[in-house]
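Worksheet: one structure, shown below.
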Amino acid sequence: MEGVTDNKRVLLAAPRGYCAGVDRAVVAVEKALELHGPPIYVRKEIVHNRHVVSSLQAKGAIFVDETDAVPEGATVIFSAHGVSPAVHAAAERRMLKTIDATCPLVTKVHKEAVRFASDDYDILLIGHQGHEEVEGTAGEAPEHIQLVDGPSDVANVTVRDPEKVVWLSQTTLSVDETMETVRLLREKFPKLYDPPSDDICYATQNRQVAVKKIAADSDLVIVVGSQNSSNSVRLVEVALQHGAGASYRVDYAAEIDESWLDGVVTVGVTSGASVPDVLVKDVVAWLAERGYGEVEEVVTAEEDLLFSLPKELRRDMKAKAASSS
Ligand code: SF4
């Protein structure tokens with residue numbers, strides 16, 4: 001029994017946590033608060049993480065569901081998940097100042113949708129019903145886009161011309177499940193056209209590769225991330241599919257149930273792309289207090305991508321700097 005206790009360890013997946021798009025969106029809200037002072041309105045959660053949202057609320061950000069909840073003339077930030085052209089138009093009608101923090105990798109998918117729609121393709125958008133990103137992308141060309149919510153949805157798909165059909169996807173899906181959906185779609189539509197480049201983003205892919213690497217060696221995988229964070233929820237699924245004894249998602253270390261550790265020697269830890277690393281550190285500290293003090297980081301990729309801040313914000317920051325010099 002002594003031996004089991006001595007072997008207790010943590011495998012920490014890397015990459016994990018913040019991606020370039022989330023970092024940019026969160027910094028955009030912080031900079032807007034500094035520049036314009038509170039309140040700053042944000043349509044929807046800027047990123048899907050409870051801790052990030054409550055920290056920004058404490059600094060003066062007000063999160064609203066729709067732009068009609070923003071006072072006329074105020075500043076509103078669009079979240080990293082992107083918005084449809086109808087939302088831009090609604091903001092314009094209310095004369096809102098907008099800062100668009102849509103991740104550039106989501107914008108890329110919007111542009112693909114616009115292009116294929118203008119070429120009159122039927123677009124099969126693989127994604128989760130009701131997710132904000134999917135609503136934004138579908139809103140670019142509603143008459144050409146239909147949602148395919150996973151392999152079980154393929155049977156329902158009909159198109160106008162099977163020679164002119166393309167698939168696109170949400171950026172934060174399970175790579176394996178999406179490939180299965182595409183395989184089934186291609187069985188049905190052999191001429192199915194692929195997107196010009198991967199829509200599932202680098203951060204989602206890298207975090208899934210990293211969790212696969214630690215899953216088989218882990219009796220338990222703890223994923224830090226919020227319940228509405230698509231890529232965090234996918235990490236739990238991927239961990240289970242790749243050999244983890246069990247896997248749970250938590251927002252905070254305090255949510256970990258001590259009973260999950262019964263008989264557990266190795267705990268894998270990772271986090272979704274919207275999760276600040278401080279929350280992972282809290283989980284690692286919580287585990288250390290229970291004997292899991294040995295931590296090995298398992299690195300499967302290095303990430304150095306950075307996005308510049310939204311252009312409206314850069315313009316305002318430059319103007320402020322010029323006026324105060
Ligand atoms: S998860 Fe991917 S698409 Fe979403 S914000 Fe991060 S980099 Fe952009």
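Every residue, even glycine, has its Cβ placed from backbone N, Cα and C.
Automated prediction, rather than curation, is the source of TrEMBL annotations.
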> If TrEMBL says His48, His81, His131, Thr171, Ser229, Ser230, Asn231 bind (2E)-4-hydroxy-3-methylbut-2-enyl diphosphate, which of Ser274, Ser308, Ser323 does it name for the same site?
Replying inline: Ser274
> Near ligand 1, which of the recorded positions His48, Cys103, Glu133, Ser229, Ser230 have CB less than 6 Å from any of its atoms?
Replying inline: Cys103
> Once the chains shown are all counted, how many other Cβ atoms turn up within 10 Å of the Cβ of Ser274 (isopentenyl diphosphate binding site)?
Replying inline: 32
> Going by C-alpha positions, which of the binding-site residues (Cys19, Thr171, Cys201) is nearest His131 (isopentenyl diphosphate binding site)?
Replying inline: Thr171
> Glu133 (active site, proton donor) has how many other Cβ neighbours within 10 Å of its own Cβ?
Replying inline: 26
>> Let me make sure I understand the span of the dimethylallyl diphosphate site: among His48, His81, His131, Ser229, Ser230, Asn231, Ser274, what is the greatest distance between any two Cα atoms, in Å?
In response: 15
> Hey, what's the Cβ neighbour count for Thr171 ((2E)-4-hydroxy-3-methylbut-2-enyl diphosphate binding site) at 10 Å?
Replying inline: 28
